[in-house]
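The Mo-molybdopterin binding site feature in TrEMBL is assigned to 91, 94, 95, 149, 184, 237, 248, 249, 250. The annotation domain 'Oxidoreductase molybdopterin-binding' is assigned in TrEMBL to 111-266.
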Ligand code: MTE
């Protein structure tokens, strides 16, 4: 992903000097060990990065709480899932650093219990709700989905979650609810990467309401039958499998229903690179990454990327009549 300079510097204006100054600012901001990760002030991710990048001990699956019985889902793919180690040691979670291994190394500072979510905006029943109360009425489902990052790598992840549409219904969206905005926790003490201005924190993402209530869209609370490890977005994240991974915002603390399209972090950082819709589309390249093929983590060969990440039969109709080159 592009790493943004401080807000006043446009991506197109980046010069060596800006890079130099940003490095200085970065070092000044840093008294924490995380900030020793010099990579943060330079362009971050590289689709050619080695697969087995992690020298860090990944979170151990054994230490995580089991979520008990799960409903299976017809939406699950039969493709083999990536291992727990792949999924928990190769992450994008810039609140903990910009290298793929940083989230696993640095996210121990995130406190996920107690956790609550605020539901705001165009709903009849707004309010703050504790995570356990949010989850209580819903049966947990296993959803084995493909995850496709705009950096042209992919994984298969056995998520545990609940349909977002079922959750939203309980708060009674009004007829003004046309979009949904999601916000990640903002707390630089717990998320030390937020001291570095790579994005305008907190991380914000959004969906159109029909995308949000689509049965494929879930709030993820676990993987491999256990609660989410911190680096994967604990305790609750969005999972929208037909969109690039950056739409799947982690560690959500606020959900706001809106009449207008919300501003979203990556779109603000690089509007020509990251659209609001971000549907996986092999025909529309990112300026730095062809979207035609992808590298499945753990596999040596690249494979073709499918429109809507292989979920076209389920979701293409949501975009009928839209120019997907314009609304990328
Ligand atoms: N959510 C937050 N809050 N911060 C992030 O940096 N990265 C996004 C998305 N959600 C990100 C985030 C990106 S770019 C991707 S590809 C996915 O998380 C990666 O999810 P994973 O690390 O579980 O594979």
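The backbone N, Cα and C atoms fix where each Cβ goes, and this holds for glycine too.
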*If you draw a 10 Å sphere on the Cβ of residue 184 (Mo-molybdopterin binding site), how many other Cβ atoms land inside?*
24
*Hey, what's the Cβ neighbour count for residue 95 (Mo-molybdopterin binding site) at 10 Å?*
28
_List every residue in the same chain as residue 250 (Mo-molybdopterin binding site), at least 6 positions away in sequence, whose Cβ is under 8 Å from its Cβ._
93, 95, 184, 203, 232, 233, 234, 237, 238
*By a simple count, how many Cβ atoms lie within 10 Å of the Cβ of residue 248 (Mo-molybdopterin binding site), its own Cβ left out?*
25
*Same chain, 6+ residues apart, C-beta under 8 Å of the C-beta of residue 91 (Mo-molybdopterin binding site), given in sequence order*: 100, 102, 103, 104, 231, 232
*Would you mind giving the whole-number mean pLDDT across the domain 'Oxidoreductase molybdopterin-binding' (111-266)?*
98
